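So the structure is just underneath, and the comments pick up after that.
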Amino acid sequence: MSDNNRSRHITEGVARAPNRAMYYALGYTEADFQNPMIGVANGHSTITPCNSGLQRLADAAIEAIRVSRANPQVFGTPTISDGMSMGTEGMKYSLVSREVIADCIETAAQGQWMDGVVVIGGCDKNMPGGMMALARMNVPGIYVYGGTIKPGHYKGKDLTIVSVFEAVGEYTMGRMDETDFKAIEQCAIPGSGSYGGMYTANTMSSAFEAMGMSLPYSSTMANEDQEKVASAAESARVLVEAVRRQLRPRDIITLASIENAVAVIMATGGSTNAVLHFLAIAHAAEVPWNIDDFERIRKRVPVICDLKPSGRYVATDLHRAGGIPQVMKILLNAGLLHGDCITITGKTVAETLANVPDAPPPGQDVIMPIERALYPQGHLAILKGNLSPEGCVAKITGLKNPVITGPARVFDSEDDAMAAIMDRRIRDGDVVVIRYEGPKGGPGMREMLAPTSALVGQGLGETVGLITDGRFSGGTWGMVVGHVAPEEFVGGPIALIREGDSVTIDAHQLLLLLLNISDEEMAARRKAWAQPKPRYVRGVLAKFGKLACTASRGAVTDAFEE
């Protein structure tokens with residue numbers, strides 16, 4: 001099979017003379033048409049520091065493609081800054097952007113018959129959006145993560161974006177003066193790169209490396225370091241070779257490799273968003289994977305990395321300690337990874353890890369050996385019960401009070417809940433319920449970092465529960481339960497909760513989310529329930545609300561056959 005087996009559809013033959021004329025206008029020569037056309041999906045943007053450092057990575061990839069005797073074709077992808085839109089209506093566009101990014105890449109690459117695609121992204125939804133596109137198309141592809149941000153510093157402490165969100169709560173409680181508050185705001189983000197803890201972008205990049213769709217060590221590099229540029233160039237070279245070997249995403253994205261990715265997510269204490277996104281990626285790759293599979297992996301994989309938000313360290317610390325290859329080698333030796341999975345380099349996981357030390361380096365406590373795991377089981381639990389029969393997601397490690405029963409404080413939007421928190425109307429033992437924020441009801445399934453961080457800042461992170469049909473940021477921690485499904489908008493049980501009802505979150509053994517009322521009362525409330533009108537009837541939010549499926553299936557917009 002020729003290297004240009006796709007692009008020749010628009011470059012070969014007499015009938016394609018007009019097509020070739022367009023390429024000549026771009027500087028192509030006749031000889032170039034024999035070489036593969038490689039798309040570079042460039043997420044560079046000055047909207048957010050997560051993406052502001054991507055252009056030099058794209059430039060390195062473009063040059064490497066040319067040196068490899070292939071033709072780079074550059075196109076842009078949009079991004080939304082989760083950190084900047086957090087707590088506003090703009091956050092409704094965040095999950096929507098995952099679908100838009102996937103659609104943009106698919107549209108450009110398929111419309112132009114590209115032979116392979118290098119995806120370069122930074123902010124949270126860039127990650128799954130790009131991978132979903134590669135899995136859908138099954139055209140040779142590789143993911144180049146833009147890299148993590150370095151930590152900020154103030155008064156001898158490392159800072160991340162979450163430090164600022166939590167400072168809001170401390171400041172409103174009078175526990176922090178204005179000088180410290182402003183200093184944290186100004187020092188938390190020192191440059192370009194994605195949020196520094198094991199938040200969503202770093203979680204997904206680590207998982208992509210574990211799955212074999214990104215190069216070893218690339219997921220924990222800092223954006224501003226030169227090794228990130230070198231890695232982008234090497235990624236492009238590897239992708240051109242994959243095109244020549246016809247190594248495709250679905251050769252790599254398999255049930256076994258997704259299990260590897262989720263094992264690494266559990267071992268590193270990754271984001272709850274990974275549940276939603278891997279359901280979507282598996283759907284795109286046509287891999288049989290459902291929400292209960294996360295619980296299967298969680299029960300056998302310990303947490304061995306002490307990383308923010310619930311731990312002490314950031315991604316650059318993990319990189320210095322050996323990165324994801326070190327984590328994977330520990331898991332492989334413990335029989336917790338599939339070593340025979342193929343990776344984008346053509347090597348298997350076991351071959352890739354052959355020269356990685358069996359144990360983490362001495363003198364660090366970022367990565368722990370299995371026998372000294374921080375927690376014996378993973379942290380992302382799937383809870384079920386009469387409030388979430390399809391399942392919901394909770395981070396359960398590190399909780400002092402993993403079981404709480406308390407009165408429901410019910411809010412039909414994040415904004416109303418945030419106002420109550422800032423007015424200090426939430427008390428110890430309350431269970432905050434934020435609904436009408438699901439994929440369809442929001443629409444867009446906003447992240448709730450602002451209210452959860454405000455609760456933590458007010459000292460209520462361990463004593464107040466919070467449940468929502470929306471999402472949480474990768475920076476969230478505490479007694480929080482998200483992705484409650486079915487959502488309020490379609491008549492899920494969360495729609496039937498009333499102010500003051502007794503609600504139980506059991507994140508310890510039973511893994512239940514319960515509304516403590518009788519079956520008869522539940523049935524009566526359901527009979528009286530009426531579906532609310534959509535908040536939007538035009539535009540992309542209306543489109544997403546109409547097409548998105550339930551969170552328990554990834555909230556994708558193309559699940560037409562299911």
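Placement of Cβ uses the backbone N, Cα and C atoms for every residue, glycine included.
As given in Swiss-Prot:
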- S473: active site, proton acceptor (ACT_SITE)
- C50, C123: [2Fe-2S] cluster binding site (BINDING)
- D82, D124, K125, E447: Mg(2+) binding site (BINDING)
- K125: N6-carboxylysine (MOD_RES)
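Fewest Cβ neighbours within 10 Å among the binding-site residues C50, C123: that distinction goes to C123.
Among the recorded positions D82, E447, S473, the ones whose Cα is located within 10 Å of the Cα of C123 ([2Fe-2S] cluster binding site) are D82. Using the residue listed as 'active site, proton acceptor' as the reference Cα, a 10 A cut-off selects E447 from the binding-site residues C50, K125, E447. Distance noted between the C-alpha atoms of D82 (Mg(2+) binding site) and C50 ([2Fe-2S] cluster binding site) is 10 Å. In sequence order, I80, M91, S94, L95, C123, T200, N273, S473 are the residues of the same chain, not among D82, D124, K125, E447, whose CB sits within 8 A of the CB centroid for the Mg(2+) site. Within 10 Å of the C-beta of D124 (Mg(2+) binding site) there are 33 other C-beta atoms, taking all protein chains into account. In sequence order, D82, M86, M91, S94, N273, G470, R471, F472, S473, T476 constitute the residues six or more apart from E447 (Mg(2+) binding site) in its chain with CB-CB distances below 8 Å. When other Cβ atoms within 10 Å of the Cβ of D82 (Mg(2+) binding site) are tallied across all protein chains shown, the result is 31. Geometry remark: D124 (Mg(2+) binding site) versus C50 ([2Fe-2S] cluster binding site), CA distance 9 Å. Residue environment of S473 (active site, proton acceptor) contains 30 other Cβ atoms, counted within 10 Å of its Cβ in all protein chains.
The secondary structure of D82 (Mg(2+) binding site), as reduced to three states from DSSP, is helical. Reduced to three states, the DSSP call for E447 (Mg(2+) binding site) is strand.
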